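J.: Take this structure, written in C-alpha cells, and hold onto it; I'll ask about it next.
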C-alpha cells in the first residue's frame, strides 16, 4: 500500500516532526491531540534551517510531546482518584449502616490483594528490579543506548534510590533528621520495598534532581544524559501513577476499615506525589493530591479508631495498631517501626501542607479539627507531674520542628487565620458580617502570636555564624554543614519568627483589607525583611517561601530589589522548589500595584496566590 504524499501546505510543526498533517486550521488534528503548538505561516520559521537550530527545535519538541503525554496521564489519574474517593465516601456510608462496631482495635489485616489484582500486575516482560519488580516500558529514548550499555535497569534504579535517600530526601526535608534511636531514615528503604507507588515517585524525584545537576556539568554529558534522565523521570512518574491507581482501586473495593497499614502507605504515596508536583511543576494539580490525602487520613481515623480507651489520644492509638509499643526502655525507647515512622512523617507534612493550602484556596484547613489533638503542646507546669513514659503516651506525637523547622503554634495560628478569612467571606456573602466579632476573634489570634514572638525573641540570640558561600549546585547538594544543637534551635527560632511575622501581616489583611500603607502592616513587613536578610544560609530561604511571599506582596517600590536579591542570593537553589514561582507572584503584584490599590476591596492574599492562572502552593 502506498502512503499518502506529505503535503507542502501542512503546519510547520508536523513538517518538523516528519508527520502527515491534515491541514486543519488554525490547529491541525495531530497537534491538537498532542496538545502542542501548531504553526502555519507563509514564511519558513528561522529554526527550519536544516542545521543545528532545526535539530535543537526537534529535540525540544520530542520532550514537549512526552511531557504533555505525561500530563494527560496524570489528568486521567486525578479523575480516577477523585472518583475513587467519592466511591469510598459512599461505601463508608453503606458500611456504617451495617457495621456492628465490635471489631478489636488491635486487629490489622495484611493479607495480599486478591489474586485477580496480582494477576493484573504480573509483568509481561521478564526483567524485574530488586525493589519495583516492574516491567520495563516497551519504548526507549535516544539516551537509552548510552546508559543501558553500562548499566542494567536494576543497577540504575538501585543507584537512583540511594541518590534519593542520600541527597534528594535530605534536600527536600532539611529539618527531618531522626536520631539513631528513631532508626534514622531506614523506614524509607523498608517502605520502598513494600510500596511500588512510593518507590517510583522517589525515583521520579531522583531523576529530576539528577537531570538538573547534569545541566550544570560539561556540555559533552549534558544533552544525552539530560534527555535520558527526563525520559526516566516521566517513565517513573507514569509507573507511580499506575501503581497508585491500582492501590486506590483495591481500597475502593475492600474499604478502609481493618486495612490500616495498606491505607497509610497509599496516603504516604499521595503525599509524595504532592511533593513531586509542587517541587517540579506547581501547576495546580497539587489540589487534587492534597484533597485525596486529607480525605484518606480522615477515613483512616474514623474507620480505625479504637473502641477501647486504652490510649489517651487517637493518634497514639493508630500508632499502636501499626507496630510494636516503642516505649519499653527509654523515653524515646525502641525505634518506631517503618509504618509508624511513615505515618508520623506523612501526617506532619499533611497538616503543614493543608494549612498553607487553606490560605490559597479560601477555606479552613480540611484537617483543622485535628490541630488541637495533634499539635497542642502542654505548658511546663502541666508537664511537671508526669513521668517520661506518661509524656510519651499523652503528648501529641507531632512536633513540627522535627519535620518543617517551625513550631506547632505557628501552624495552628495560620490555620485559625485561614478559618477566620473563610468565615468573614461567607458572612459577607450572606450579608451578616459582624465586624465586632471579626475584630474579637482576630484579637485572640494576634495576642497569641505576639506572646509567642516575644518568647522567641528573648531566646533567639542569633547564635550561628554564616558558613562560607557555596557556588556549585553539586557542591551545594553534597555539602551538609552540621549545626550544634544550639545553632539548630537558633535557626528554628529565626525561621519561626519569620513565619509568625508573616502570619501577623496575613491577619491584618484579613481584618483590614488590602492596605499596604497601614502602619501595622508596614511595621510587620519591616521586621520580617530584617529577619530575612539575616538568615544564616541561602538554604534557609527554602523554608520560608509562604511568609516571603506574604511580606513581598506588601513591599514598597524601594523594597522590591531587596526581595529580588534574596532570591538571586539563593544561587542554584532557586532551581528547585517554589522560589522562582514566589518571585513571579510578587513581580505580578508589583507590576499591577496601581490597579490593585484601585480595587483593593477585591484583592487579598488568595488573589495573589492565584494570580499566575492557577493555585500556587508556596512551600
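Just so you know, the numbers here start at 1 and follow the chain as drawn.
Glycine residues also receive a Cβ, built from the backbone N, Cα and C atoms like all the rest.
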J.: Quick check on the annotations: TrEMBL lists region 'Disordered' for one of 89-141, 142-194. Which range is it?
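T.: TrEMBL lists region 'Disordered' for residues 89-141.
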J.: Checking distant contacts: for the domain 'Zn(2)-C6 fungal-type' (10-40), what same-chain residues at least six beyond its ends satisfy Cβ-Cβ under 8 A?
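T.: Counting only partners 6 or more residues beyond its ends, the domain 'Zn(2)-C6 fungal-type' (10-40) has Cβ contacts under 8 Å with 4, 47-48, 54, 57-58, 61, 64-65, 68-69, 71-72.
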J.: Taking helix as H, G and I and strand as E and B in DSSP, count the residues of the domain 'Zn(2)-C6 fungal-type' (10-40) in helix, strand and coil.
T.: 12 helix, 0 strand, 19 coil
